[in-house]
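Quick notes on the structure that follows.
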2 protein chains.
Amino acid sequence: MRNLLVAQSGGPTAAINATVAGVVSCAVLSGKVDHIYGAVNGIEGVLAEKFLDLGKKLDSAEKISLLMQTPAAALGSCRYKLGDPEENKEDFEEILQIFRRHEIRYFIYIGGNDSMDTVDKMSKYCKENGVDDVFVVGAPKTIDNDLVETDHCPGFGSAAKYLAATFAELERDCHVYEKKAVTIVEVMGRNAGWLTAASALSRVNGGEGPSLIYLCEPVFDTEQFLKDVQEKLEQKDSVLVAISEGIHDSEGRYVSEQVQSDAQDQFGHSYIAGSAKVLEELVRDRIGCKVRSIELNLMQRCAAHLASATDLEESRMLGMKACQCALEKQGGQMASIRRISADPYRVEYTSVPVSEVANKEKKVPLSWITEDGHDVTEEMMAYLRPLILGEPAMQYENGIPVHIELY
Amino acid sequence: MRNLLVAQSGGPTAAINATVAGVVSCAVLSGKVDHIYGAVNGIEGVLAEKFLDLGKKLDSAEKISLLMQTPAAALGSCRYKLGDPEENKEDFEEILQIFRRHEIRYFIYIGGNDSMDTVDKMSKYCKENGVDDVFVVGAPKTIDNDLVETDHCPGFGSAAKYLAATFAELERDCHVYEKKAVTIVEVMGRNAGWLTAASALSRVNGGEGPSLIYLCEPVFDTEQFLKDVQEKLEQKDSVLVAISEGIHDSEGRYVSEQVQSDAQDQFGHSYIAGSAKVLEELVRDRIGCKVRSIELNLMQRCAAHLASATDLEESRMLGMKACQCALEKQGGQMASIRRISADPYRVEYTSVPVSEVANKEKKVPLSWITEDGHDVTEEMMAYLRPLILGEPAMQYENGIPVHIELY
């Protein structure tokens, strides 16, 4: 038997299930796969042998289409990262035994930086231990858009579309009153400002969008921020501000670390929340006008009802590409998008060594931030614009989109 | 000349512009109106004579259709409430002089409780002072759904649809990990829990929706809340909780007042924010599991991209009804919805004396809350279900919905 296993990992996105759909379609079409399994809860589910018969669960075009419009990892997720095989090879041996038992030859792991590290370690372990009949391939996903070696990441386009539409709506909401007011909106992104940059897409139809946009790449200067806000308040009543959650001072301290530093997540990132809230208090104290803060929170990664058709299509194609790599015995690769033309927008699907991707982060180039530090350049806009295009035909029932449940 | 003036007031909604569209359509159709004006920024704009020629601004079906899909008050809004005419008649005299100057005979004011007070006072002032050629009529709007004498309020259905879809998406997002976690989502509604109840609509297609729902009508007991959460955590990994921003103790103190009481808004409501945040800290301290809080904030009132077709249609019809009342010289009325059949859902448009509506609040009947205090009954669900039905055909450009700008 030649079976295939697919699993999802890391933070959910609105497009991560489209990649599963792509894997399944490619495996079915190939005629080379006997069973298509899905592991529930990522690599943890692999270790626990929590397998679903995905081929059966997704045996109709309608189910595939529902999967495409279902947000968050339909196979569940995990934050578990495999250790160093040189120090502890137990997990790797355990996984290979499970693969043997279920006759799994192809394993597609969909995820971000940390998940690509898992793909890399497993591939290397196979190679170094003479396992030549198991092929582990990565498929990228992350709303943060911070993976290297791919033009952009599946999931980012839909999050960007949510941000574009939401900032356009917020801008209309905020300017109905004549009173001077500041609205500070916090966007996800600890170390890369791509999502915050996407707030500028709210201007694509002529709307004003945010008056000020602060990405997390440059140093954030609170005094300069107050000056910028004050200047804008002189020009207009309603000042809408977009900030990355990860804005920080010259010593790398998050703006929000003044108030919160008590928690650390499992990968050692310090826990941050409330940069917008901290700035709200600052504006209230120092400027004294009406001010509110908004955190877009999980909605920006799970708003599948506002998914980008471009993103869903690309995510699906990347799932197909990853499956193709595995079937062609190219373990240790990650499916990737290469932009071959900007206007008209054209991409091709390729693959790159996952070792080049794992544990790296693609930040926004400083040259894509305007000189005044509080907006993005036309180069950034040209990069972003195609990613949010198109609205998928969504199936609604009883007033809300239909989701599929796999387990 | 017989001119008509329309204005918008209070907090924006996703459907308030549909009511303007209805007023304009009815006025055009009637053949009885020479000019249709819009006042910018509500009654403040009337006093400042900030008038737009709405007939010209909306002279095509395409523009009307864009207006229908534009969120937030396209004519701007205000929070200004006219004083007591017995104590200060200056504003009323001023307004009547302005009406004379612009030959305005019909004035439609779209808003909530406070705006209906303005309609009531103006109508009474006209009557008591022998002004028999000016007709002031109210059209309801509020996402809070707290106006009396109407089955429900325009704007509520779209906010409810946003909440239903968003809770369904959040529920999927929150359950991807195996770890025990609590997510507390704060929904708008200081005094009425209708919006929070709408979170239960996330279950209409079989999804689990929130595990616990706390409206602001009953007394909120934090110890009972902790017990409820703990009980749910024993049954499942991910516990999603919906709470009204206005949950309060037996003395009427908002849960959030422990941390914030420094601000008062103009109408004397005490400023509240962060009930969910307060409960988040409580769960962290007392239960110790992973917990996060989410405020849905302005998005729930301005997410026009997810508007309910039923709501938009009804909002428009109410605008037409209000205009009809004015043209038929029925000043002092408010257009209203009467539900004449539950299943199939059928309504009729009628009008009620605005004096019956002004300054009153319709709360959720306690009998529509389950006995355990943390969910809603089937009666509530039957009331809510029809209000979110239907998806309007939205015009997108460059990846986001198109909005119209009137000023």
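Backbone N, Cα and C define each Cβ position, glycine as well.
Fair warning: this is a prediction, and the values are worked out from it, not measured in the lab.
Annotated active site, proton acceptor per TrEMBL: B:Asp144, in sequence order. For B:Asp144 (active site, proton acceptor), other Cβ atoms within 10 Å of its Cβ number 26.
According to TrEMBL, the feature diphosphate binding site maps to B:Gly11. Counting only same-chain residues at least 6 apart in sequence, those with a Cβ under 8 Å from the Cβ of B:Gly11 (diphosphate binding site) are B:Ser77, B:Gly112, B:Thr142, B:Ile143, B:Arg301.
Among the features that TrEMBL reports, Mg(2+) binding site is placed at B:Asn113. Within 10 Å of the C-beta atom of B:Asn113 (Mg(2+) binding site) sit 21 other C-beta atoms, taking all shown protein chains into account.
Using a 10 Å Cβ-Cβ cutoff, B:Thr142 (substrate binding site) registers 26 neighbours. Residues or ranges marked as substrate binding site in TrEMBL: B:Thr142, B:Ile143, B:Asp144, B:Met188, B:Gly189, B:Arg190, B:Glu245.
The average per-residue pLDDT of the prediction over the domain 'Phosphofructokinase' (B:4-325) is 93, rounded to a whole number. Look at TrEMBL and you will find B:4-325 tagged as domain 'Phosphofructokinase'.
Under the heading site 'Important for catalytic activity and substrate specificity', TrEMBL lists B:Asp114. Under DSSP, B:Asp114 (site 'Important for catalytic activity and substrate specificity') is assigned to a helix (H, G or I) in the three-state scheme. Around the Cβ of B:Asp114 (site 'Important for catalytic activity and substrate specificity'), 19 further Cβ atoms fall within 10 Å across all displayed protein chains.
Under the heading site 'Important for catalytic activity', TrEMBL lists B:Lys141. Cβ environment of B:Lys141 (site 'Important for catalytic activity'): B:Gln8, B:Gly10, B:Thr13, B:Ala15, B:Ile16, B:Thr19, B:Ile110, B:Gly111, B:Gly112, B:Cys153, B:Pro154, B:Gly155, B:Ser315 lie under 8 Å away, each six or more residues apart in the same chain.
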Other than B:Thr142, B:Ile143, B:Asp144, B:Met188, B:Gly189, B:Arg190, B:Glu245 themselves, what residues in this chain have Cβ atoms within 8 Å of the centroid of the substrate site's Cβ atoms? B:Asp146, B:Val187, B:Asn191, B:Ala192, B:Trp194, B:Leu195, B:Gly246
Do me a favour and check the Cα-Cα span between B:Glu245 (substrate binding site) and B:Asp114 (site 'Important for catalytic activity and substrate specificity'); whole Å is fine. 20
On the Cα atoms of B:Thr142, B:Ile143, B:Asp144, B:Met188, B:Gly189, B:Arg190, B:Glu245, which are listed as binding substrate, what is the maximum pairwise distance in Å? 16
Quiz question: given the binding-site residues B:Ile143, B:Met188, which has the greatest number of C-beta atoms lying within 10 angstroms of its own C-beta? B:Ile143
For the binding-site residues B:Gly189, B:Arg190, B:Glu245, work out the Cβ neighbour count at 10 Å and name the residue with the minimum. B:Arg190
Among the recorded positions listed as B:Asn113, B:Asp114, B:Asp144, within 10 angstroms of B:Arg190 (substrate binding site) by C-alpha we get B:Asp144
